[in-house]
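Here is the structure we will look at.
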Amino acid sequence: MGDPGPEIIESVPPAGPEASESTTDENEDDIQFVSEGPLRPVLEYIDLVSSDDEEPSTSHSDENFKCKDYIDHQKDKVALTLARLARHVEVEKQQKEEKNRAFREKIDFQHAHGLQELEFIQGHSETEAARQCVDQWLKMPGLRTNAANSGTKRSFQRGGRMWRSEKPILCPIMHCNKEFDNGHLLLGHLKRFDHSPCDPTITLHGPLANSFACAVCYEHFVTQQQYKDHLLSRTAAADGHSNSLLPQIIQCYACPQCFLLFSTKDECLKHMSTKNHFHQSFKLSDNKGTARPISFPSFAKKRLVSLCKDVPFQVKCVACHQTLRSHMELTAHFRVRCQNAGPVAIAEKSITQVAKEFIVRGYCSDCNQVFMDVASTQSHKNSGHKITLANSVEESVLLYCHISEGSRPPCDLHLFSQPKISSLKRILSVKESSAEDCIVPTKKVNLGVESLGGATRVQRQSPAVTAWFCECRRQFPSEEAVEKHVFSANTMCYKCVVCGKVCEDSGVMRLHMSRFHGGAHLNNFLFWCRTCKKELVKKDAIMAHITEFHSGHRYFYEMDEVEEEEEEAMPSSSVESHLNTDKPPSPIAVVDHCPANSPPRGRWQCRICEDMFESQECVKQHCMSLTSHRFHRYSCAHCRKTFHKVETLYRHCQDEHDSEIMMKYFCGLCDLIFNKEEEFLSHYKEHHSIDYVFVSEKTKTSIKTEGDFKIVETSSLLSCGCHESYMCKINRKEDYDRCLPVLLEKGRLWFRCSSCSATAQNVTDINTHVCQVHRKEKSEEEQQYVIKCGICTKAFQNTESAQQHFHRKHAALQKPTATPGGANRSSTCQLAASASHAEKNLKQPSSQKHSDVEKGAEHDVRCQNIEEEVELPDVDYLRTMTHIVFVDFDNWSNFFGHLPGHLNQGTFIWGFQGGNTNWKPPLSCKVYNYLSRIGCFFLHPRCSKRKDAADFAICMHAGRLDEQLPKQIPFTILSGDQGFLELENQFKKTQRPAHILNPHHLEGDMMCALLNSISDTTKECDSDDSSGMKGSPAEELRATEDVELEEAIRRSLEEM
């Protein structure tokens, strides 16, 4: 309230005892109010008491008035709020009653309409009746195919109308012409990158209405019963009609000029009128009438769609005509390079060109011949045969479908003629098998080779088991195993079309597509031959490529192997073929099936990537192409950083150098920098395009003297391809030179800078780093880098020491050839026992005692630290995971049995066992089977018989992965040992989120929830479940996260 003013204050008598005395002396009628200023409304008043006994209390009465006024105001406010809420509830109740009433009316209407339709379709077939019901339902008021009804209040607008979507969105790629109802569908289409202009179904919407056509007289019928009546009436005419003549089901209509498909004839006519497509692309008669929609049978529609899908297409830039192979590449191109241009889709054929296959001029049913032109039709008609003619495109399509469905494949038309692609499986003929005195195999597909010799000699005994053999004579227990071996031996893998990464497992590739490319590219990968650098789309095509261009592992076959001779024949043959895997097959083991076409004794090798080629032309083309080798080609003139792609250089200059682009050309093979692209290309052509050599094969089929005999190493092969011990220094140098780049490429060995934490996979990169970054610190007297082991991270001063360390400590023996029976495997060290058995059969005389002693010593160590034939999980594959769990099966062997459900996707389980524990996989556990099937479980080879061997292995591999994996991937160790707490403290120093869980203190559901919460990036701690558990793992986990948070805050404050 405002200030009452001086005039009102003056009229108030003073307070206190003096005021009371003066008030009693004066008369009430003598009181006057004097005002000097302008009149104002009276804001306060004085309660005048008539009684002399009562004392006026101005302040007390004013306080009571204010309090009463405030309470009344609050009461009125509450009353208004309650009234407003009551009205709101009443309105909602009325709306709900209206919705319920409308829903009941709709249900009653549908029920009545359904009863009416059931009476109408009693005489129709089930399929036709169901289709009519769907058509009638779509015509009803209410739900629509182009309307959105989410069940919320937005669906019901004023007047009970339903919200409808806006105008369909057109794909921004030119010539794609696909439309979508909303942006989400368009985004999925863009990610799938299916912009083929040769797609006749883009205008095919809604249900397909069936009608029936006669393939003899080309008449159309609405129902199937009318067609049957037509056949009964025309059977006696003997003009081709018969009771067995199947009708052609008309499901859609095609535009006569562009052959786009439409659900109804009205839609097709509307399209023809809009596009002015009243001209026929194929004229089969002189009739000059107006073109009309072509009735397209179901068989022709499926055939046209299938042929159009096989038509390759490309998406190119309108400005620079660069081919764009993915949505990611397209987006990056138009963001960096051609910002004012657009993409266009180009197909090798148009729909009209594909539809030309349906054009047939005549058909003779007597001799089953098809005629494609008028001359051949008339010539054959003169012979007296009755020919069915097609005078329009519609009649030609009906005749085509009648011929194709009547005889597959047709004799002359070859409608389904596809390239004869051979399978990898062969079937031996009876003549060949009898000539070799062996049992006739059950399967063998002929690939154009007339004779197949060298089959395994097996006597006709029983019982027999089925086995699969590769061309290299290795035996496998299943067809999947031998096919996987053929793919691996021929360097076949899968290549991602989006980013170009390669992988040997299709499951890993699909996981890569799902994780890194949004899930829309699950099938957007190709088959890639690393030897020939060739991309093929289909699996059958890659098989044909293996058969034509490769040798040694081109096929496999199936045979009935005698069970009795398995123990005698298989160990020696398996070891022999095992030792000769990387060498040309012996003439005793495998006979050359095509000696006339056999390649020369030698191959060409590229010195840059060490890939081998069959001819000089192939290796020359490989070296001439800049895309064959991946190296840095561009350099920033500001900071001398190098890049693979020019787009990356542009982004670098925009971010780091204020969009000032200064580019130079850099040769990553020899570290030279050029100012112009012509100089770089000239340098590459002169020096690197001819960097290949011819590698001759020393082995010969006929050996005349002992001097011509090459020393054959008889020791066992290691997992890297080298031998366990060598008798010849030349063989050792060759194998080590071949093995070292492979170890560096796979990350088994790597270079580490001595001055900083930089790493590299080859000498060139580490030397470049030392020269550019540590120019001032470089000294010729001391080495600026060390070579570290990728498994135990031990450092060495030279590559030879590091390679020898890897062979001694981490290279396991290769697994011998798989046999169905698996004889002589009683030892717990299966691989070492099998390898020693092979050495026993193939060992040379006792002149090699020194090598035997060395081999025996290494063999004893390997029996304790043996790694099976499988390699450790690939680091690139582990980078795709969201959680790495190390399980100590010595402490908790029933890990999978305690899990109540599946773990989150991206959780990788790495199991360890040691001591006397003999952990067996729970084959009946669904969680274990699922993780094994998707490749998210790996059982580490038995460490040793020491009690703490598994703990040491966990620490070693966890430390190795901590250096190689991104820091956001958490590690969890499931073990009851308290020694891992120190490992957790070490991980804190490296900023790695790590958790140590004791499985003995956790229930299965609690542990599963903890593991899933760790892998979830948006996890929140469940404080309710763990509030009463004092000292529980959940509290330890929460405390650990608090400590990490405090440490991060402290570190950030120090930096500030």
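For all residues, glycine too, the Cβ spot is worked out from N, Cα and C.
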Which range of 30-37, 758-765, 990-997 is region 'Interaction with SUMO2 1', per Swiss-Prot: 30-37
Where Swiss-Prot places zinc finger among the ranges 65-88, 449-472, 665-688: 665-688
Which listed residue (K729, K746, K947, K988) has most other Cβ within 10 Å, given these are recorded sites: K746
Largest tally of Cβ atoms lying within 10 Å of a Cβ, found at which of the recorded sites K77, K106, K788: K788
Whole-number Å value for how far K746 (SUMO2 cross-link) lies from K788 (SUMO2 cross-link) (Cα to Cα): 13
DSSP three-state assignment (helix, strand or coil) for K947 (SUMO2 cross-link): coil
Residue pair K947 (SUMO2 cross-link), K988 (SUMO2 cross-link) - Cα distance, angstrom, rounded: 27
Assigned conformation of K106 (SUMO2 cross-link) - DSSP reduced to three states: helix
Alpha-carbon spacing, K106 (SUMO2 cross-link) to K77 (SUMO2 cross-link), which is rounded to whole Å: 43
